[in-house]
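Structure first, then comments.
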Amino acid sequence: MVAEEARKEAMAKSVSGGKITYFVVASCVMAAMGGVIFGYDIGVSGGVMSMGPFLKRFFPKVYKLQEEDRRRRGNSNNHYCLFNSQLLTSFTSSLYVSGLIATLLASSVTRSWGRKPSIFLGGVSFLAGAALGGSAQNVAMLIIARLLLGVGVGFANQSVPLYLSEMAPAKYRGAISNGFQLCIGIGFLSANVINYETQNIKHGWRISLATAAIPASILTLGSLFLPETPNSIIQTTGDVHKTELMLRRVRGTNDVQDELTDLVEASSGSDTDSNAFLKLLQRKYRPELVMALVIPFFQQVTGINVVAFYAPVLYRTVGFGESGSLMSTLVTGIVGTSSTLLSMLVVDRIGRKTLFLIGGLQMLVSQVTIGVIVMVADVHDGVIKEGYGYAVVVLVCVYVAGFGWSWGPLGWLVPSEIFPLEIRSVAQSVTVAVSFVFTFAVAQSAPPMLCKFRAGIFFFYGGWLVVMTVAVQLFLPETKNVPIEKVVGLWEKHWFWRRMTSKRDIQETTILSH
């Protein structure tokens, strides 16, 4: 008994304190390029929608309204409704329809053949979409390109977070997994830089859309050389010897027997067949299922994609011109990327729940204050004075910083680490699918909501920030420094979830915390 307890304690220290090897860093940097393609797409779509030549070619009605508004500056009936076009909204949100379908298909690929094939398929699909988008001649080609991009994003978003969380030692899992959100920020920032530089070029929008092929090519080619994760090897092949060799290479030590034992035990109940989705519905996985649904939902109703998609549009609404709005969006991108980098440095020290709390309160204050400014402007014929316009930019930066070190990276990190191996792939697919559903809903609803409710849209998302901040503090256990195959035991010790989860066939660990 004493010997067994000593083994568990030694294992916990070994796994949680594992060092970061160059092999792990190189593999994770390459895999995280999946985040760059996602971030680039978010940034580029919002930017090209503020480019006159792009609107004139594909969305002439929107362009005409925009020109009329320029001639009649101060007409409060136009400012908030300029981009309320179903066709334009379809361009933005079509990606998430195909992404939803793709991520469900990616679950089977990731579960049966490994994380690496899904990453490769994501890169190939995104590359095809970038090529078609850059050469689009009509709206149909443009939307087909978006659908292909969606397939790429669906495969990448399903597989990359799993890859990062499984490759990382527990002690550094938060930092490494947050690299996915950092790469989303880098992609978003890169798109804003390119949009700003190409705005005055006749066909600059083509350059912006086609440049997405660069990160897609890197991801596609790089995935050919990626190693598979030890967790995936044991799940897909059952080859214990091969898994042990990869563990030694990943951890940089030959002392991996305890972690290998945990992987073998975790894989014993792993499904690689069509029953995986049904298994997720079992009562013992109720906490994981709930989190797979609510975390991506909460991430979207922070309102971040309203800012990401429509930041240039929002800045034009509050009084900036095309160039000024793109520059303001560029500044926002720099702030978001920097805050995510900060999150990587502190997430494994102060924990997930603390960052959720700080970021949630920060975003709440920003949303409400922006809403008040827009509401005051509405009283004065919808004209926002220049000083207030700059205040909106500052508040958006504060908001984006809050998201960048909380719901941005943690919305991907936490789901990727809380699922046991036997349902990890399918649960991650559910998480990404829910994210796509509500991203689509936000993209569809934001323009008409901004048009109809104006300031009310900011209070709407502010209300959700209150709900999610309280919910996370009450119902999410802290996973800081807990080995990934031991996280499952946290639910049995949680004040709420322990009442509805059956005892699980896992070994207890001495470092479980709440």
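Glycine is no exception: its Cβ is also placed from the backbone N, Cα and C atoms.
Residues or ranges marked as topological domain 'Cytoplasmic' by Swiss-Prot: 1-19, 477-514. Taken from Swiss-Prot, the feature transmembrane segment applies to 20-40, 87-107, 124-144, 147-167, 174-194, 207-227, 289-309, 327-347, 356-376, 392-412, 430-450, 456-476.
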Practice item. Using a Cβ-Cβ cut-off of under 8 Å, list the residues of the same chain that are 6+ residues beyond the ends of the transmembrane segment (456-476) and lie near it. Key: 290-291, 294, 298, 301-303, 306, 352-353, 356-357, 360-361, 363-364, 367-368, 370-371, 374, 407, 414, 446, 449-450, 494, 496-497
Check your understanding: If we call contact 3 or more Cβ pairs under 8 Å (sequence gap 6 or more), are the transmembrane segment (174-194) and the transmembrane segment (392-412) touching?
Key -> yes
**Study point:** Leading stretch by Cβ pairs under 8 Å, where the reference is the transmembrane segment (20-40) and the options are 147-167, 207-227, 327-347, 392-412
**Key:** 207-227
**Study point:** the transmembrane segment (87-107) and the transmembrane segment (147-167) contact flag, 3+ Cβ pairs under 8 angstroms
**Key:** yes
Revision key, fill the gap. Outside the transmembrane segment (207-227), at least 6 residues beyond either end, the same-chain residues with a Cβ under 8 Å of its Cβ set are 23, 27, 30-31, 33-34, 36-37, 40-41, 44, 47-48, 116, 119-120, 122-124, 126-127, 129-131, 133-136, 145, 149, 152, 156, 163, 187, 190-191, 194-195, 198, 201, 246, 249-250
**Study point:** Taken over the topological domain 'Cytoplasmic' (1-19), the model's mean pLDDT
**Key:** 47
